[in-house]
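Participant: Take this structure first; my questions come after.
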Amino acid sequence: MLSGSIVALLTPFKADGEVDFDGLQKLVEYHIAAGTNGIVAVGTTGESSTLTVEEHVKVVNKTVEFVNGRIPVIAGTGANATHESVTFSRLLNDSGIDACLSVTPYYNKPTQEGLFQHYKAIAEVSNVPQILYNVPGRTAVDLLPETVARLAELENIVALKDATGDLNRVAIHRELCGEDFILLSGDDATGLDFVKLGGQGVISVTNNIAAKDMADMFRLALEGRFEEAEVINQRLMPLHKNLFIESSPIPVKWAATQLGLIECGHLRLPLTELSEKCHPIVAQAMTDAGIY
């Protein structure tokens, strides 16, 4: 279920800052037509930190409604207060989602034991599979492989999204967590190499604007056709890099607007629109990738 090219989906807003649910439906249809293997709703790329609880739950529910069982829907439920993640998990238990993705608590820098207890508390109240999410570049805390292994022993913790970019961890996690534990890359630039080393796929930002290419690349990779996959990867590499020229999702939201995938590139403060000096850089990356 959790493999291939999974999109960390944008949350489209209208010019007045309200969520654009018609735009959300359009994005869902774009991804299904392109062969995307799954959707993460309201993760980091979906601007989870600036949505209200009510908006968060509604975006997830609407995504489930629009997808209508055609591909898996994963709900972002991360927070830096355990009770908040627990609340999201309870609210979404009957939503029809296929899994939850929960980022490590950010800013307050818990210990490894704190991280273990945080995820254990979430797992105990959720009735869907849980995906751990480690992105120390954003959270200032690193979920160490030994802690991942402890968590993998819990019944409904089934996967890890690893956005460290450290490819050595693929083999370490596989050895510690076993063959059945799902390993997903959270780093587009190293995602293909991650799968070459034994991962099952990627949760991707690039997928937002190059969905078919990403789906094709990871289909080829999972079939063991790495040379063909690498041709696509090299063409997309300018996107993998330049979609992070400013904090994500700023560049990818601008790019999606240029491609007509969303009508408005509005972001909620403290995120602001892509700096004008970066426009030609991202535009050139899209041109080099063959999507613009």
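Placement of Cβ uses the backbone N, Cα and C atoms for every residue, glycine included.
Below are the features I grabbed from Swiss-Prot:
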SITE      Thr44  site 'Part of a proton relay during catalysis'
BINDING   Thr45, Ile203  pyruvate binding site
SITE      Tyr107  site 'Part of a proton relay during catalysis'
ACT_SITE  Tyr133  active site, proton donor/acceptor
ACT_SITE  Lys161  active site, schiff-base intermediate with substrate
Participant: What count of other C-beta atoms do you get within 10 angstroms of the C-beta of Tyr133 (active site, proton donor/acceptor), across all chains shown?
Facilitator: 27
Participant: Quick check for you: of the recorded positions Thr44, Thr45, Tyr107, which have their Cα within 10 Å of the Cα of Lys161 (active site, schiff-base intermediate with substrate)?
Facilitator: none
Participant: With H, G and I counted as helix, E and B as strand and the rest as coil, say where DSSP puts the residue listed as 'active site, schiff-base intermediate with substrate'.
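Facilitator: Its secondary structure by DSSP: strand.
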Participant: Just to verify a number: CA distance, Ile203 (pyruvate binding site) to Tyr107 (site 'Part of a proton relay during catalysis'), in angstrom, no decimals.
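Facilitator: Cα-Cα, rounded: 23 Å.
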